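Lifted from TrEMBL, the feature list:
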REGION    1-32  region 'Disordered'
BINDING   59, 60, 61, 62, 63, 108, 109, 142, 165, 204, 326, 350  NAD(+) binding site
ACT_SITE  144  active site, N6-AMP-lysine intermediate
DOMAIN    652-721  domain 'BRCT'
REGION    733-814  region 'Disordered'
COMPBIAS  739-748  compositional bias 'Acidic residues'
COMPBIAS  802-814  compositional bias 'Acidic residues'
């Protein structure tokens, strides 16, 4: 940009010095205004140069602006605050994801899964309106983009903030990252006199299909796991701490509504009578809107659009998972109002999982960390729901027989929940006689031990050589590092295998005793030539950055929560839910080890099966060796290495959910799924994974699916994320005595302010993925040619164990 390295800001425009503070009061108002204008100009230039790699002004103009800013600060030292562009190091931009409040609440959408559901919604709309204008209702139909909801705040035509949905009231500030998206205008187009004083634009961040394919190709070329779908990739890309990473990704945004609109004094504004006019207004200001939106005169025409894109969903430039229907007339939207979570004047029709055909080349088996031997299908790679799939689990031999698939079949493949690959069955008509049946092996393919069910009547075969079977050992070490256990980011699959192959580890018990000398025996962690590591000169044979990071990660992991330790032990049936319940009840691993089976089973959320598995883990010897109770030796090694095996009780957490069963379904932006479960259990509640008549509350996030439908069918109490927070803090009193969907009747919640845009926003159903790692939001990354499918609950990027990890399906790694 310039011969001198220009300083850079690390605050978005909405958080910079545009609002003068008390320390600047000494400067005259006209000087403060000039300072603010110059500071904004410098920040914009720095951002364009360093992050977007697209300079907007010449070097000479930049230097002159910076010199004028410095001159003002020399004359008025009170202006030289720490956030001034003159006080920042060049190129240092960072997104901190601070919490920010939306001007108006971001609502979600109710879902429809059939034509009958859509018709029932339309019937409710007509009934609630009582009288319908001449000519009937018009519906605005638009594609439901599979992306991440975003709110763009413009003040006097200038983008000042971008925020994720969060819980609808509060989101995360991602302004710096959104400013890297080329299609998002930094300043609204047109005459500034026509711009509103404030407008909050609602939209969806997404990856175009081609850009997503390019990103995954780059991930694979770099030796990283590809993303499972464009939604996960968009969420991970937007939530980068370094906006330069976001800038390298070809993200796009389409607007689909307005959350708040305020015209300046004497402006008069623009009269908006229809939702479709809102889109025309936004497009005129340069805000990107979808070209696939239609206004139709009735439900039959809306159904035609649903049917059309159901057949042509892959002809669109981005992934879609449904069609959104909205009453187009804004006056009618106001009359219909909203519930506490969604407008009554809109519905999202969601398409069923996509199905494709491919060739089943082979059926092989994989040995998981608990010894379970799982058949899986190896297929000709095929694109389904946004990513290429080459493998899918077949659960067990009985399931292979039930599905009736033969090796060589053409099979129907889909993704359950648009994530997990599933072989539905064979296309029998395409058989040519060359197909052959699968035979389950009788001995472990990894160690040769005879396979057997764990107990009479089990459909699964297991390898009983739990201590020494190489496959089980590798999986267990990798699982210890998973996100749901110790969360050791530097210990991936290859690293775990290398440590075992080099003899540095005999089992997971040795992990926390690793030191630099041990790692130097493993080539993966050692420098082959003299080079710098983290800014320091190192010699050949010293640890490389990966080795140093692993030691640092291990040291940090020693001070983790007890429930994570329990998950890491690979006890059958003990996933995060049961582990949290045990940790909350007993407080230490010693107390759990000393507890009787009856005491364990009496713990809320545990029961006899899990209790028996816990006792067996501590008490029973390995069936394939003479070494009794070797599991306790793992615990001893971890204790000796300094791993904390007890929790400090937090008496300040109120027991607001004692005796209550809560189900969380869908994605919450303010809490990860594990975090939500932990919060429930810590307050004395039961975090259940299934909906039944015994369920007290169902918390509905984005992409909730069938659990939400079942909850409504059973008449259960449904809460959105804000209601969930109130429940955690205050118990049932915090959410009142009526179901959450009836809590708001007036439509004011989520409508716009002081303008004609009242109730013209809905947030499309994008998943938040807020628990994604900052390196890419790895949850859902693909593994071994297929998609991450919760291999024993631990995906390729350490997604953590499931509620019942022993029953999760397993595909091979490496």
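Heads up, the Cβ atoms here are built off N, Cα and C, so glycines get one too.
Unlike curated entries, TrEMBL annotations are predicted automatically.
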DSSP composition of the domain 'BRCT' (652-721), residue counts helix/strand/coil, works out to 20 helix, 17 strand, 33 coil
Spacing of the two Cα atoms, residue 326 (NAD(+) binding site) and the residue listed as 'active site, N6-AMP-lysine intermediate', in whole angstrom, works out to 12
Counting every protein chain shown, other Cβ atoms within 10 Å of the Cβ of residue 63 (NAD(+) binding site) number 16
For the residue listed as 'active site, N6-AMP-lysine intermediate', the number of neighbouring Cβ atoms whose distance to its own Cβ is within 10 Å equals 24
For residue 61 (NAD(+) binding site), the three-state DSSP class is helix
Lowest 10 Å Cβ neighbour count of the binding-site residues 165, 326 is held by 326
As a whole number of Å, the Cα atom of residue 144 (active site, N6-AMP-lysine intermediate) is distant from the Cα atom of residue 109 (NAD(+) binding site) by 11
Cβ atoms other than its own within 10 Å of the Cβ of residue 109 (NAD(+) binding site), all chains, total 23
Cβ neighbour count (10 Å, all chains) around residue 61 (NAD(+) binding site) is 14
On the domain 'BRCT' (652-721), the mean of the pLDDT values is 84
